[in-house]
Amino acid sequence: MRGMAKEMFYFGYENYMKYAFPEDELNPIDCQGRGPDVLNPSNININDVLGNYSLTLIDTLDTLVVLGNVSEFHRAVKLVIDTVSFDKDSTVQVFEANIRILGGLISAHILLTDSKQPFGNVGLEDYDNELLHLAHDLAVRLLPAFENTSTGIPYPRVNLKSGVPPDSINETCTAGAGSLLVEFGILSRLIGDSTFEWVARRAVRALWSLRSNETGLLGNVVNIQTGQWVSKQSGLGAGMDSFYEYLLKSYILFGEKEDYTMFKAAYESIQNHLRRGREECNEGEGDPPLYVNVNMFNGQIMNTWIDSLQAFFPGLQVLVGDVENAICLHAFYYAIWKRFGALPERYNWQLQAPDVLFYPLRPELVESTYLLYQATKNPFYLHVGMDILESLEKYTKVRCGYATLHHVVDKSKEDRMESFFLSETCKYLYLLFDEDNPLHKSENKYIFTTEGHVVPIDKRFREKQWKDMLPCEEALLSDQDTARLPPANTSNCERIPDERRYALPLKSVYMRQIDQMVGLV
């Protein structure tokens with residue numbers, strides 16, 4: 001099975017390099033490359049993700065290391081250094097650029113420069129931190145999203161050349177605005193500049209301050225200027241998933257107690273208000289546990305569907321130690337997979353039928369399967385992985401790669417292979433079957449970002465090279481989990497004028513970044 005997983009990765013990767021590079025994605029049916037939809041700027045399904053910056057190659061760099069292919073990793077790194085530029089007239093989603101591109105560059109840089117070299121001699125002769133400089137350049141281009149927002153919650157999109165588009169909407173989802181802290185925080189600690197972590201942390205705090213007093217839940221979509229919830233739906237899937245994930249992973253990486261305090265409170269609210277079904281996972285009467293979508297203010301069920309992104313949650317439950325609940329929720333999603341040979345994007349748990357029928361090769365169920373196997377070593381999860389891999393081979397393999405399923409029932413296809421198929425789906429399948437991978441040696445401790453990028457748990461990331469930028473950053477949380485975080489412009493920040501608090505730090509940051517980049521040149 002490990003060999004099959006490796007072959008699956010290389011069939012997709014080699015065809016991307018042959019037919020698509022330097023474009024962002026591979027169209028696996030037509031065997032062509034795909035870039036941004038320049039003729040239709042409103043096509044955000046494509047343009048949010050594709051920035052004309054060789055997305056699939058950058059997203060896949062660390063997978064090559066995990067598979068032990070150091071020579072191809074070195075070739076890919078050199079290609080990125082020689083060909084990739086972010087000086088592009090591309091309007092991209094901040095969240096997607098962060099998790100796929102920034103995360104890919106940072107992970108590859110850390111693997112190249114790790115003195116422990118757990119994957120063997122991965123270092124590249126004459127490497128001069130070029131990937132880190134690229135990551136820094138991209139992050140600077142994302143910073144305008146955090147300007148001119150009265151809450152501190154960023155705009156959803158930026159143009160890599162010109163900043164926030166003039167016609168930008170003032171609405172963003174909780175996951176999009178609140179899942180930047182891992183990548184931005186690591187970058188800040190690698191280069192010794194607090195700016196990136198500060199803006200990402202300010203966004204998390206602002207979102208957290210808007211949660212319901214009654215339930216402790218957050219909504220799905222918020223207005224970044226007024227702080228009003230546009231969508232009051234609270235759930236674990238699209239629009240919210242990685243917000244919870246990054247509260248816990250930020251604490252694991254950086255050791256900031258504030259992050260864990262928020263995560264514990266959020267997890268308790270989820271258990272109290274989203275969880276339905278019997279109290280015990282494997283005992284008692286009633287339906288097995290399920291997490292539903294509810295109104296954030298009163299906990300009332302808002303609809304009867306769940307989405308496939310929620311399948312990540314058992315993996316997060318494993319990380320926090322709630323393995324029993326993870327086993328139960330994972331089994332629910334695996335039962336859906338067994339029925340269709342894929343996960344429909346939305347599934348109606350009341351009708352027991354798909355609501356939205358496509359499957360774009362998502363990794364979430366594989367990720368949870370892998371983490372549950374690591375936690376339990378129960379061979380059942382090897383069989384789950386085999387089932388998933390064989391379904392992918394049977395239903396999604398096409399002439400030049402693996403294609404999105406347009407319809408999980410009739411198995412019709414769309415000509416798209418998203419970058420996360422190589423960066424996550426194939427990586428987790430390979431690791432599930434590769435017992436002796438360096439990632440699994442006890443002395444090597446890693447977490448995966450929400451895009452599956454490998455990041456070591458390193459004491460470097462627990463140390464700041466700066467003092468807190470603002471006096472109001474200290475002691476924002478009391479010892480009680482019910483403590484209220486002030487919004488970005490209230491409480492003990494009141495004495496700092498708005499124009500100093502929001503405008504000047506970032507404007508001075510831009511000047512500092514420009515000075516640094518001039519110095520690099």
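Any Cβ shown, glycine's included, is placed from N, Cα and C.
Features of the protein shown, as given by TrEMBL:
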ACT_SITE  Glu96  active site, proton donor
ACT_SITE  Asp241  active site
ACT_SITE  Glu345  active site, proton donor
ACT_SITE  Glu364  active site
BINDING   Thr450  Ca(2+) binding site
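Every protein chain shown contributes to the tally, and the Cβ of Glu364 (active site) ends up with 25 other Cβ atoms within 10 Å. Counting every protein chain shown, the Cβ of Asp241 (active site) has 24 other Cβ atoms within 10 Å.
Residues within less than 8 Å, Cβ to Cβ, of Glu96 (active site, proton donor) and separated from it by at least 6 positions along the same chain comprise Asp48, Val49. The Cβ of Glu345 (active site, proton donor) lies under 8 Å from the Cβ of Asp307, Ser308, Pro354, Val356, Leu357, Phe358, Tyr359, Pro360, each of which sits 6+ residues away along the same chain.
Here the CA atom of Thr450 (Ca(2+) binding site) lies 9 Å from the CA atom of Asp241 (active site). Cα to Cα, Glu364 (active site) and Thr450 (Ca(2+) binding site) are separated by 10 Å. Within 10 Å of the C-beta of Thr450 (Ca(2+) binding site) we count 25 further C-beta atoms, all protein chains included.
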